[in-house]
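First comes the structure, then the notes that go with it.
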Amino acid sequence: MNYVVIKCGGSVFEDLPTSFYKNIADLHQSGEWQPIIVHGGGPLISSLLTQMGVQTTFINGLRVTTNEVLDVVEMALSGSMNKQIVRNLMKENGKAYGISGVDGTLLKATPTDKADQLGFVGEVSEVNTSLIEQISSQGYIPVISPIGIDDEGQRYNINADMAASSIAQALGAKLCFISDIPGICVEEDGQKQTLHQVGKEKIEQLISSKVIYGGMIPKVQSALKALAHRVPEVSIVNGLEANSLVDFMDGKNVGTRISLDKEMPYV
Ligand SMILES: Nc1ncnc2c1ncn2[C@@H]1O[C@H](COP(=O)(O)OP(=O)(O)O)[C@@H](O)[C@H]1O
Ligand SMILES: CC(=O)N[C@@H](CCC(=O)OP(=O)(O)O)C(=O)O
């Protein structure tokens, strides 16, 4: 099966045009591609925590996650966000099946090596691909929330870009990050522009010069890791632009295409 992992960022969720869900449903119905949706929901988590009077902090784009924060993360991602996406796909005649990374140990996790600073933040150690294959073979689009679980039943908050990358690696799938920006932006000669292609070396340079910051850091790092582990293509695409996903699938030059190639030219 030709899998494509579509990571839907919380940043863009509220503003996605309905054509986004229609495009996914059509892609699925075409029979050529099996879409797998992995979603975030960072802004919803932050707003719920604010309402509760709980302060939230990020280190290099990753949320410091106490047990109290973890409850809110799971509620927001596996509850509200996951089911909204399932409903939105159903409205466009898509057959969607919402599932959390905890269910059926879809995402087996280990604590991050910065657990002393980040708390219950995890990394994916194994993806239950047979579960994804089964849901897909029943004619559904899996919609996955990025909560992981270990052998002891401890849950972890996993950055959605990292979860999407791990799933794409396990399936050897194309990977598309849908976000609220036209791609990776830089300022050159006082002018803001979007890079259409960017290689590993340039990305590392942009992170150290803080041109790439916050949530873009795990995104580009996940993209590079995916490319190093049998993912054929990774792009960051603007979800606010109608049909941007279709253009990505058609191989058009949309957003920022990431590569491992040091020599790859960037614009
Ligand atoms: N160089 C950059 N170009 C574009 N966006 C950047 C850059 N560096 C940091 N960002 C930030 O990354 C954000 C996207 O990451 P994030 O907020 O995690 O979104 P998502 O929820 O879609 O994953 C952008 O909205 C922007 O604020
Ligand atoms: C560890 C960590 O940072 N987890 C993220 C999970 C959600 C996410 O990644 O959402 P976006 O895709 O909208 O950023 C968080 O708590 O915000």
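Yeah, the Cβs are placed from backbone N, Cα and C, and that goes for glycine too.
Annotations in TrEMBL come from automatic prediction, not curation.
TrEMBL lists 3-238 with the feature domain 'Aspartate/glutamate/uridylate kinase'.
Mapped onto three states, the DSSP output places Lys7 (site 'Transition state stabilizer') in strand. For Lys7 (among others), the entry in TrEMBL reads site 'Transition state stabilizer'.
Around Gly42 (substrate binding site), a 10 Å sphere centred on its CB holds 23 further CB atoms from the protein chains shown. The annotation substrate binding site is assigned in TrEMBL to Gly41, Gly42, Arg63, Asn157.
Every protein chain shown contributes to the tally, and the Cβ of Lys219 (site 'Transition state stabilizer') ends up with 26 other Cβ atoms within 10 Å. The site 'Transition state stabilizer' feature in TrEMBL is assigned to Lys219 (among others).
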Of Lys7, Gly41, Gly42, Lys219, the recorded positions with C-beta less than 6 Å from an atom of ligand 2, in sequence order, are Gly41, Gly42
When each of the recorded positions Lys7, Arg63 is scored by other CB atoms within 10 A, the minimum falls on Arg63
Where ligand 1 binds, which of the recorded positions Lys7, Gly41, Arg63 are close by, with Cβ under 6 Å?
-> none
